[in-house]
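> Handing you this structure, nothing more for now.
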Amino acid sequence: MQQLNPSEISELIRARIAGFEGRVETRSQGTIISLSDGILRIHGLEDVMYGEMLELPGGRFGLAMNLEQDNVGAVVLGEFSGLQEGDVVKCTGRVMQVPIGKALLGRVVNALGQPVDGKGAIDAEEFDVLEKIAPGVIDRQSVDEPMQTGIKSIDAMVPIGRGQRELIIGDRQTGKTAVAVDAILNQKGKDVQCIYVAIGQKASTVAGVVRKLEEYGAMEYTTVIAANASESAAMQYLAPYAGCTMGEYFRDRGMNALIVYDDLTKQAWAYRHISLLLRRPPGREAYPGDVFYLHSRLLERAARVNADFVEKFTKGEVKGKTGSLTALPIIETQAGDVSAFVPTNVISITDGQIYLETDLFNAGIRPAINAGLSVSRVGGAAQTKIIKKLGGGIRLDLAQYRELAAFAQFASDLDEITRKQIERGKRVTELLKQDQFSPMSVADEGAALFAASSGALDDVEVANVRPFEKALLAYLNSNNKELMAGIEEKKDLTDDLKKQLDAAVKQFKSGSTY
């Protein structure tokens, strides 16, 4: 039997003592003193930061939002049942982060970047913070590349450029989401990554959007962030910032991205809800004083950044490429009141707005764009040349027609010029109607607008304008493939292409039925 040597035992103990590392982890902790509606009051967190993640019992997290003299006000991220007064809360020393990268494309996630589509975990490349400072003046480049939506009336009258913020505003049930989803569908094959942020919507509505994106093959380049109506106000408040951080991943690496916020009215409501529960002083319409900053700091992050910024950010890996993040925020108005607090705020922050009107929608004019109130403040410089040449008079025709049509209801005898303007306006209105989920190529849009501007529609019955357009495009795409390919490639109407297109339209009119 082997005997233990006492000197060996003492040597082993000495070695263990010498190798012992005393690591002390200091973490500030406090206790919950009150809990109501997902808002915590915590006592004892002395060195907590504003916006810091707080560790709650049961693997949950909170977000510090009010730092007061004797307590901290925080919101619970997610479900708050099971928490009670006296529970211990610990500081984490981290601000909130979400996963970013190409692994998120094709997935549906919540405001924290956690998958909710049942397709397993997301293998994210890296994480980034939710709240970031927007690029400075020197890092930006002017908007001069078109972001085609595939919707004739938008591309012709209120063009959108890459890096622009274009507001979509209107009452409920006027087709706001339809316009945004069509814009996403039109990015197929254009190397633009899309992010759709659903805030405060029914889960069934979001599921319907995801189904349509999958059906049309758009989900492969799209990430959906869902903060449904059933989720806490904190998640609805944070979802747009999470989506913006995911979009900035592409912008900062010299790629192009499109983000849709559907809709920011619900985010403002969620923020008002949180602020009132945190006992912050209410202002106009009971919103807190910083509700303008809530949206401005989000929308200013959508920008076109120059090649120097991209090169510096990627440490020289990407050279000579600009990046862009285009934002389409949606605002829901009440009874067409665009002068309410949140709509006026967002109108002043964005680079233009597409105003959708209930009366036009109910009259069957869809998309229901009001040509007079809709504007694009920077998109004109980015508009495709062919659309700019052909669509210039469309907006004026429509605005004059709407004005004259209202006047003509009371006048019995109209002069010839007025009657012609009204007849032309009727045909242009009919031409700009477009079915949902059917975005058009530049060549198709150009051919349709050419038919209107060249007077080819003047002798077509109003009821036959849409069948005429459909038959004309089918004819051109089958019999004049080279012409349409030339327009699609050059995105301009040269004299040669114009002659060919004019001849093709005349040939179609002389021998086709529609």
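In case you wondered, yes, glycine gets a Cβ from its N, Cα and C as well.
Take a look at what Swiss-Prot says about it:
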type: BINDING; residues: Gly170, Asp171, Arg172, Gln173, Thr174, Gly175, Lys176, Thr177; note: ATP binding site
type: SITE; residues: Ser374; note: site 'Required for activity'
> Whole-number Å only: compute the distance from the Cα of Thr174 (ATP binding site) to the Cα of Ser374 (site 'Required for activity').
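For Thr174 (ATP binding site) versus Ser374 (site 'Required for activity'), the Cα atoms are 14 Å apart.
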> According to DSSP, which of helix, strand or coil covers Asp171 (ATP binding site)?
coil
> At a 10 A cut-off on CB-CB distances, which of the binding-site residues Arg172, Lys176 has the highest count?
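The residue with the most neighbouring Cβ atoms within 10 Å is Lys176.
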> Using all protein chains shown, find which of the binding-site residues Gly170, Gly175 scores highest when you count other CB atoms within 10 A of its CB.
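Per the Cβ count, the most surrounded site is Gly170.
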> Taking just the CA atoms, what is the gap between Gly170 (ATP binding site) and Ser374 (site 'Required for activity') in Å?
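Just about 11 Å between their Cα atoms.
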> Non-local Cβ contacts of Ser374 (site 'Required for activity') (under 8 Å, 6 or more apart, same chain)?
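Ser374 (site 'Required for activity') has long-range Cβ partners Met157, Val158, Gly352, Gln353, Ile354, Tyr355.
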> For Thr174 (ATP binding site), just count the other CB atoms lying within 10 A of its CB, please.
26
> Show, in sequence order, which residues other than Gly170, Asp171, Arg172, Gln173, Thr174, Gly175, Lys176, Thr177 on the same chain lie with their Cβ within 8 Å of the centre of the Cβ atoms of the ATP site.
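Same chain, not in Gly170, Asp171, Arg172, Gln173, Thr174, Gly175, Lys176, Thr177, Cβ within 8 Å: Glu332, Leu356, Thr358, Phe361.
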> When neighbour density is defined as the number of other C-beta atoms within 10 angstroms of a residue's C-beta, which of the binding-site residues Gln173, Thr177 has the lowest density?
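So among Gln173, Thr177, the binding-site residues given, the one with the fewest Cβ atoms within 10 Å is Gln173.
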> Suppose we draw a 10 Å sphere around the Cβ of Asp171 (ATP binding site). How many other Cβ atoms does it contain, all chains included?
18
> Going by DSSP, give the three-state secondary structure for Thr177 (ATP binding site).
helix
